[in-house]
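Participant: Here's a structure for you.
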Amino acid sequence: MAQASDSTAMEVEEATNQTVKKRFEVKKWSAVALWAWDIQVDNCAICRNHIMDLCIECQANQAAGLKDECTVAWGNCNHAFHFHCISRWLKTRQVCPLDNREWEFQKYGH
């Protein structure tokens, strides 16, 4: 069996000694990839900022360097909010701002 580099242009020799023309030859390949967060929530419903951006409280205190502390809090209802936003909300009401179910933390952090 001949190697592809030994074959003449557009021909390959198979094990049965038959000559078969290639359908096509890849000259150059540029791969493209796409990724996205696996979440259904894009924005915090309280401050309306993107959920992966800083909340309004952290934006106001950006000079203090607290941006690593701006995390996402998920409820058992699968709604997500900035932790600072939902913490302020929970001081007055113990329910989810979107569906009025009793708020319980499902997970906390990015």
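Using the three backbone atoms N, Cα and C, a Cβ is placed for every residue, glycine included.
Not my notes, these are from Swiss-Prot:
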type	residues	note
BINDING	CYS44, CYS47, HIS82	Zn(2+) 1 binding site
ZN_FING	44-100	zinc finger
BINDING	CYS55, CYS58, CYS70, HIS84	Zn(2+) 2 binding site
BINDING	CYS77, HIS79, CYS96, ASP99	Zn(2+) 3 binding site
Participant: Compile a sequence-ordered list of residues in the same chain as CYS77 (Zn(2+) 3 binding site), six or more apart from it, whose Cβ lies below 8 A from its Cβ; state 'none' when nothing qualifies.
Facilitator: CYS96, LEU98, ASP99, ARG101
Participant: Take the zinc finger (44-100) and average the pLDDT across it for me.
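Facilitator: When the pLDDT values over the zinc finger (44-100) are averaged, the result is 88.
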Participant: Is it possible to get the count of other C-beta atoms within 10 angstroms of the C-beta of ASP99 (Zn(2+) 3 binding site)?
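Facilitator: Excluding its own Cβ, the number within 10 Å is 11.
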Participant: In three-state terms from DSSP, label CYS44 (Zn(2+) 1 binding site) for me.
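Facilitator: Reduced to three states, the DSSP call for CYS44 (Zn(2+) 1 binding site) is coil.
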Participant: Where does HIS82 (Zn(2+) 1 binding site) sit in the DSSP three-state scheme?
Facilitator: strand
Participant: Have a look around CYS58 (Zn(2+) 2 binding site) and count the other CB atoms within 10 A of its CB, chains all included.
Facilitator: 22
Participant: Show which residues of the chain containing CYS44 (Zn(2+) 1 binding site), separated from it by at least 6 in sequence, have their CB under 8 Å from its CB.
Facilitator: HIS50, ILE51, CYS55, ALA80, PHE81, HIS82, CYS85
Participant: In angstrom units, rounded to an integer, how far apart are the Cα atoms of HIS84 (Zn(2+) 2 binding site) and CYS47 (Zn(2+) 1 binding site)?
Facilitator: 10
Participant: What's the CA to CA span in angstrom from CYS47 (Zn(2+) 1 binding site) over to CYS58 (Zn(2+) 2 binding site)?
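Facilitator: Roughly 11 Å, rounded to the nearest whole number.
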